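A short write-up of the structure that comes next.
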Amino acid sequence: ESFLHGPPLAIVLWFYGMEFTELEAAGRKMESQQTNKEYTLDGSVDLWGKAVERVKTGRWRACFFLIGYETFERMAFNSIASTLVIYLTSQLHQGTVSSARNVNNWAGVVWLTPIMGAYISDTFFGRYWTFLASSVIYLVGMVLLTLAVSLKSLKPPPCGKGLVCEKANSLQIGFFYFALYVIAIGTGGTKPNISTFGADQFDDFHPKEKLQKNSFFNWWMFSVFFGALVAQIGLVYVQENVGWALGYGIPTVGLFVSVIIFMIGTPCYRHKVRTVDSPIRRVFRVLVAAVCKWRVAVPDDVSKLYELDIKEYQAAGKRPIFHTPTLRFLDKATVKAQSNTNLKAPHLCTITEVEETKLMIGMLPIWIATLIPNTVIAQVNTLFVKQGTTLERHLGSHGFEIPAASLGAFITLSMLIIVPIYDRYLVPLMRRHTGNPRGITMLQRTGIGCCIQILVMVCATLTEAKRIHVIHEHRLETQNTVVPMSILWLLPQYVLLGVTDVFTVIGMLEFFYDQSPSNMQSLGTAYFTSSIGVGNFVSSFLLTTVEKITGRDGHKSWIVNNLNNSHLDYYYAFIAILCFLNMLFFIFVAKFYVYKKDIIAINNSENNDSNNFNNQPPPTSTHALEFLSLMTLQPTAESELSSFQK
């Protein structure tokens with residue numbers, strides 16, 4: 001946010017390490033404290049770097065514009081993600097496996113680009129400019145996508161009866177995917193910034209505004225759910241029954257209006273001045289220092305390692321972290337250079353900086369164990385939807401036809417029911433037995449979700465076996481036609497997946513955010529989003545590998561274009577086995593995970609024995625509210641509900 005003062009000054013501040021900005025922010029905070037009736041106390045500034053008046057900026061005056069934008073953005077994104085596999089197969093005439101793979105690859109990019117968006121925001125341009133530029137890119141992508149589904153020259157002709165479907169040519173495919181990935185780039189800058197920018201509109205040093213901040217997140221999450229449900233129930237129906245052009249045109253117009261509304265609210269916004277360097281830089285600095293000192297011996301006496309006085313941390317509003325005996329190689333970065341060495345100050349890091357790096361590295365095994373659960377989630381917008389298109393979707397003999405992608409709404413609805421039950425009944429019950437404020441640890445919560453995911457895939461396997469049995473009964477193996485079996489047979493796997501998300505997705509988000517150092521929680525959230533992104537890529541890899549291996553030597557592949565002649569039940573059973581093996585791996589790595597211990601929180605009795613999967617983490621008041629709104633793909637968007645219901 002150095003560009004709040006204009007690009008030329010931003011470049012100067014960048015080279016001088018933002019020292020001037022930090023002093024200026026401290027001066028503004030002191031001025032605000034002296035005139036707390038007019039100015040904010042947290043050092044907020046306007047777009048041009050001037051101190052802002054409390055009554056004229058921020059709060060609900062500003063958040064109205066942000067919540068409006070988020071509603072239309074969720075409508076736009078979910079209208080794409082929910083039916084993308086249907087468009088690729090029915091309109092562009094791609095195969096089932098290639099379509100599912102392309103959807104997974106796109107979703108993977110969507111979940112990885114927020115990492116770069118957050119880095120650009122934190123390091124260079126700030127939240128406002130990063131978001132505004134990204135939202136324009138997002139809008140351009142939506143316009144291009146609407147053109148791609150509207151113009152006849154940009155899509156192949158529809159299939160005629162008895163004729164082979166003409167596949168899309170290179171220009172048509174290239175234009176369509178170019179539009180999709182422009183949207184992916186745009187979401188990378190909007191998703192990590194819009195919710196936190198909304199949180200910036202409230203002064204944490206003002207009691208009333210601090211309470212209003214909690215209310216903001218309630219309405220924020222309501223807008224997320226409202227936008228998702230409108231897309232899955234309304235826009236999906238328009239796309240399949242009225243036309244794809246109108247189905248994409250409606251959210252495009254809505255997104256355009258929301259961008260204009262956001263810009264109109266510019267005079268009302270508050271901005272935070274960046275006072276810390278990038279967490280990625282700090283991790284890199286520790287690694288470089290440790291490597292440069294690879295010959296240096298680490299003393300057994302911890303007091304000989306470099307650390308700042310605790311008063312310096314308190315003055316800066318930070319928390320020092322205890323030294324731990326893990327990853328001893330990194331402790332070399334804290335060894336003070338001897339007078340006869342050439343090592344300079346940049347190669348000297350504090351114990352807290354090293355422990356922050358240890359925490360981020362220590363979470364990597366847990367991160368690996370979350371890839372398979374996210375692979376299961378990736379099936380919802382691909383094979384689950386395609387499976388639904390083969391079933392009877394009419395309610396009654398000539399009733400309303402349910403869009404296959406609309407079943408995703410039952411994930412949201414099941415979470416609306418389960419989350420209040422979990423928070424109101426299960427947490428207090430478990431708290432009495434464990435003494436943990438959360439009832440159970442974050443890893444235990446995630447582990448329970450991993451167990452339920454096995455049931456999800458077992459249920460999907462049995463349902464698919466039933467579908468294949470009906471196909472054999474009616475001899476429909478060679479016909480790409482509707483199976484006389486109700487689509488409502490798929491409801492159990494969707495409902496169970498909603499229950500799973502209450503445990504797995506929310507548990508993962510809370511774990512990565514809570515266990516990250518206080519100054520690196522943006523990087524911890526990047527762990528969460530990257531896990532979902534890589535999980536989609538793993539799903540794409542599994543699809544490709546299974547298709548090739550099972551189709552070798554003239555054998556029929558498990559997954560072919562005609563799902564009536566496929567064996568999705570085998571593939572689902574294979575994923576269920578992977579889920580079981582991954583659950584064992586998760587329990588193993590969780591057993592040896594050590595929860596972080598802040599020095600300030602050490603006196604809490606819960607911290608005394610938190611070294612394995614069954615123990616409790618130290619209680620913390622930190623919640624991942626700001627980052628729940630990152631979740632946009634249908635199976636994970638609803639995990640924001642935990643904080644919404646609270």
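Keep in mind that glycine also has a Cβ here, set from the backbone N, Cα and C atoms.
Long-range contacts of the transmembrane segment (128-151) within the same chain, counting only residues at least 6 positions beyond its ends with a Cβ under 8 Å from a Cβ of the stretch, are 1, 3, 47, 69, 73, 76, 80, 87, 91, 117, 120-121, 172, 175-176, 178-190, 193-194, 197, 244-245, 247-249, 251-252, 255-256, 259, 262-263, 266, 269, 271. The transmembrane segment annotation in TrEMBL covers 128-151 (among others).
Sequence-distant contacts of the transmembrane segment (171-189) (same chain, at least 6 residues past either end, Cβ-Cβ under 8 Å): 77, 80, 84, 92, 102, 106, 109-110, 112-117, 120-121, 130-131, 133-142, 144-145, 147-148, 153-156, 632. Positions annotated as transmembrane segment by TrEMBL: 171-189 (among others).
Marked as transmembrane segment by TrEMBL: 216-238 (among others).
Residues annotated as transmembrane segment in TrEMBL: 244-264 (among others).
Sequence-distant contacts of the transmembrane segment (364-384) (same chain, six or more residues past either end, CB-CB distance under 8 Å): 81-82, 84-85, 99-100, 103-104, 107, 405, 407-408, 411, 443, 446, 449-450, 453, 456-457, 460, 490, 493-494, 497, 500-501, 504-505, 508, 511-512, 527, 530-532, 534-536, 538-539, 542, 559, 568, 571, 575, 578-579, 582, 585-586, 589-590, 593, 633-636. The feature transmembrane segment is assigned by TrEMBL to 364-384 (among others).
The transmembrane segment annotation in TrEMBL covers 404-422 (among others).
Marked as transmembrane segment by TrEMBL: 494-513 (among others).
What TrEMBL records for 525-543 (among others) is transmembrane segment.
Here the transmembrane segment (570-594) has Cβ contacts under 8 Å with residues 324, 326, 362, 365-366, 368-373, 375-376, 379, 383, 443, 446-447, 450-451, 453-454, 457-458, 460-461, 464, 542, 546, 550, 558-559, 610-613 of the same chain, all six or more residues outside its ends. If you look up TrEMBL, you'll see 570-594 (among others) marked as transmembrane segment.
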- Note on the structure: Sequence-distant contacts of the transmembrane segment (244-264), meaning Cβ under 8 Å and at least 6 residues beyond its ends, amount to 65-66, 68-69, 71-73, 75-76, 79-80, 83, 87, 91, 132, 135-136, 138-139, 142-143, 145-146, 149-150, 231, 235-236, 238
